[in-house]
C-alpha cells in the first residue's frame, strides 16, 4: 500500500535523489531548496573532475580520440546483437584485418575440401569400394561386373585429392567419378556450385580490400601542428594540407570538429562533446583545389569555440581538434577520407607557416622540407574576446576625446559670434526663458487694453 500510494514518488533526475511528498514540499522553503540544488550541483562538478582529470603531457599524448594517422581510438564493448554483422557479411569480411581475412579465406577452401572429401569417402565406403585394389588406369571395360563409383579412390587421402581437383578444376584424369554413380555425380555438382560461390565472395572481397581508397589517405599530408596568428586583422587558427600524388583529389572538402567534455547548466556531464569549427562553409573556402599545399584558416569570431581561449587557457584546458579531409580519388572514382587530430599542446600561439612554393624555370616547385616548418610572429597574450574588448574600449576613448574637442570648438565659436549667430546656435538658460515668457505676457496684456 505504501509503495503504491500516489502521494509518494521518487524523482529520476540526479538533482532529486530522495523521495518527496506534498507535505514535505510545502514545508520546505525556496532557500532550502536552492541550497540542496547547489549541493547536488557541486557533487556533479566533483564527479566531472574525477572523470576528466588533468593529465601530464606524456600521458595526454596516449589518450587521443583520433591518432595522428587518422585512426579512431574507440572500442565498442558489450555488443549483444552480434547477429547484425552477419546480415552484411560482405562488409564484415572487408572490414576484417588482413591476418584474419586471409585466415577466413583459407579456412573456407580447406573446410569445403575436407567436407566433400568426407562425403566421397563415406559414399565409397558404403558401396564397399575401398577394400578393392583398383589401379589408376582401370577402365570400365576391364571391370564391367564391378562398376565402381569412384575410380582411383582407395582411402581418405585419395578422396581429399579428388575433392581438391574437382573444386579447383585441375583435372589430372587419374581420379574420376563413374557416370553410373548418380550420388557421386550429384556431389560433384554440389561442390562445383559451392566452390564458385566461395570464389566469387573471396575474390570480390580481396579486390575491394586492396582497392579501398583508405590507402589513398597515406599520401595526404597534414601539418604536425596548428598555429594561431593574425591574418587581415583577424585572429585565425591555421593548419596546412598537402597531396603527394600527381593525380589530384576531385571535389576535395575539409571540415573540423572540436572534441571537449563539458557540464551543462542543469548539471549533465557531456563527455567528448563535438562542436563544429567553421572553415568557410558559407563562403565556399572549405572546398579545395588541392594541387599545392594550402593553409586552411578558421576565423576566431564571437561564434567560434576558441573565442575565449588565450595562451594560458590553451595550456590548462584539455581538448582535441579533429580535421577531416574528404574527396574523390581521380583514378578509381571512390570517396576517400583522411583524418588527423591536434591536441592543446600541438597549437603554437603566435606563429605562421613558412612558404614552401617557389618559381623555378617557368614552373612552380614545392619544397616539402618546409611543409611543417613555422616561425614566430608578435601576438598579444590574450584571447580573441579580450582583444575585442580592448579594441572597443580604445575606440570609445578616441571617440569621446574627439567629441569633447568638437564641443569645445563649437562653444568657443558660439561665444565669439554672440548675437550674430542664429537662435538655433544660442545657449539659453532657465532665467532667459522665464524673462521671455514674462515679456510675451506683458505684450499680450497691452494689446488687449488697446483693443478695449
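Numbering starts at 1 and runs along the chain as displayed.
Just so it is clear, glycine is given a Cβ too, placed from its N, Cα and C backbone atoms.
Fair warning: this is a prediction, and the values are worked out from it, not measured in the lab.
If you look up TrEMBL, you'll see 10-25 marked as compositional bias 'Low complexity'.
What TrEMBL records for 66-213 is domain 'Potassium channel inwardly rectifying transmembrane'.
Sequence annotations record features per position, and here TrEMBL assigns domain 'Inward rectifier potassium channel C-terminal' to 220-388.
According to TrEMBL, the feature region 'Disordered' maps to 1-35.
According to TrEMBL, the transmembrane segment annotation covers 100-122 (among others).
Outside the transmembrane segment (185-208), and at least 6 residues removed from its termini, the chain residues within Cβ reach (under 8 Å) are 90, 93-94, 101, 105, 108-109, 112, 116, 119-120, 123, 163, 166-168, 177, 179. Here TrEMBL flags 185-208 (among others) as transmembrane segment.
Among residues of the same chain six or more beyond the transmembrane segment (100-122), those with a C-beta under 8 A of the stretch's C-beta atoms are 93, 130, 150, 153, 155-156, 159-160, 162-164, 166-167, 184, 187, 190-191, 194-195, 198, 202, 205-206, 209. Confidence annotation: the domain 'Inward rectifier potassium channel C-terminal' (220-388) carries a mean pLDDT of 90 in the model.
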